[in-house]
Amino acid sequence: MDSVDRFLYTSDHDGFLALTRETWQNRWFPSQIPLHLDVSHVHQLSDADKDFYRFLFTFLGMAERLVNFNIEDLVTNFNSHDVAHYYAEQVAMENIHGVVYANILKIFFNNSRGELLAYAAKIILDPALCEKLEWLHSRVRKATTKAQKILMFLIVEGIYFISSFYSISLCRVRGIMPGVCLANDYISRDELLHTKAASMLYNTMVEIQEKPSHAEVQALFREAVNIEIRFIQAKAAGVTLVNVVDIRRFLEATADRILRDIFVPPIFGTPPPEACPLSYTGSFKAVNFFERDNSDYTTCVTDDL
């Protein structure tokens, strides 16, 4: 008879248990994102700005299906109650992200589903997006070992959306779209937690002899950063405050942070921009998440980069 251990819960990974509790403490819902003020701000955007953000939010709204990285398939590689519980929570949070992006897209497309679908069908053929997706799907197909799959998961969670989050956060600097900015804070912080989890998975659930060489991992991250910067560079011309040089610096600093987290030497040595608009960067938060509609997590984040 199979061991009954797999049916009866007992904590078997302190790190993932802590991450699950952190997710519980910081759970949020689409109803907490007020978008009524954002409607007039969207209408006031320049054509270049509106096109840029419509593109980003449509990409983000489709990302769960476009990226097609199956968390459940990954988790089946590990016989751990706490890992399975954490990733069940992560899937739930990703579903919330999808609902919020759908709400934001209603503003950008005047609540017209037909207009959104027509636009989505057009951008799915966009060369910058196609290159990004083709690179990812090619790499995912080549990832046959457990270690390689986790590294690709880490790329998706930690690098793949960073230029979009950074660009959206610039709206706060401009004093526009407060609901969108709040959602971006919540979602980017969730992704930071997801990156932390993927790093923990790599560090604690993969034997050292199974891991690729440092050089292979570094090459993968270098490719990912270059793909991401080309993606945003192709769309950023003429967009207010979007500085591709600063975004590259942030991407490189983020890649180095993740590499250090998985005990691989950093490759860029780039400091993040001094005036980084993503609020979790270098911040220290100790405010109860539910006291008010702000972007403070119950978890403290220090020296993120």
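Every residue gets a Cβ built from N, Cα and C, even glycine.
Among the features that Swiss-Prot reports, Fe cation 1 binding site is placed at Glu64, Glu94, His97. Counting only same-chain residues at least 6 apart in sequence, those with a Cβ under 8 Å from the Cβ of His97 (Fe cation 1 binding site) are Leu60, Glu64, Ile187, Asp190. In this structure, His97 (Fe cation 1 binding site) is part of a helix by DSSP.
For Glu94 (Fe cation 1 binding site), the same-chain residues that are 6 or more apart in sequence and have a Cβ closer than 8 Å to its Cβ are Glu64. Under the heading Fe cation 2 binding site, Swiss-Prot lists Glu94, Glu157, Glu191, His194.
Spatially close to Tyr101 (active site) yet at least six residues away along the chain are Phe57, Leu60, Gly61, judged by Cβ distances under 8 angstroms. Look at Swiss-Prot and you will find Tyr101 tagged as active site, backed by sequence analysis.
What Swiss-Prot records for 150-170 is transmembrane segment, and it gives sequence analysis as the kind of evidence. Same-chain neighbours of the transmembrane segment (150-170): 52-53, 56, 59-60, 63, 67, 69, 71, 74, 132, 136, 139-140, 143, 180-181, 184-185, 187-188, 191, 194-195, 197-199, 201-202, 205-206, 212, 217, 220-221, 224-225, 228-229, 231-232, 236, 239-242, 246-247, 250-251, 254-255, 258, 262, 276-279, counting only residues six or more beyond its ends whose CB sits under 8 Å from a CB of the stretch.
DSSP assigns Glu191 (Fe cation 2 binding site) to a helix in the three-state reduction. All protein chains considered, the CB of Glu64 (Fe cation 1 binding site) has 15 other CB atoms within 10 Å.
The Cβ of Glu191 (Fe cation 2 binding site) lies under 8 Å from the Cβ of Glu157, Gly158, Phe161, Phe165, each on the same chain and at least six residues away in sequence. In the three-state DSSP assignment, the secondary structure recorded for Glu64 (Fe cation 1 binding site) is helix. DSSP classifies Glu157 (Fe cation 2 binding site) as helix under the three-state reduction.
Cβ neighbours of His194 (Fe cation 2 binding site) (same chain, under 8 Å, six or more residues apart in sequence): Gln90, Met93, Glu157.
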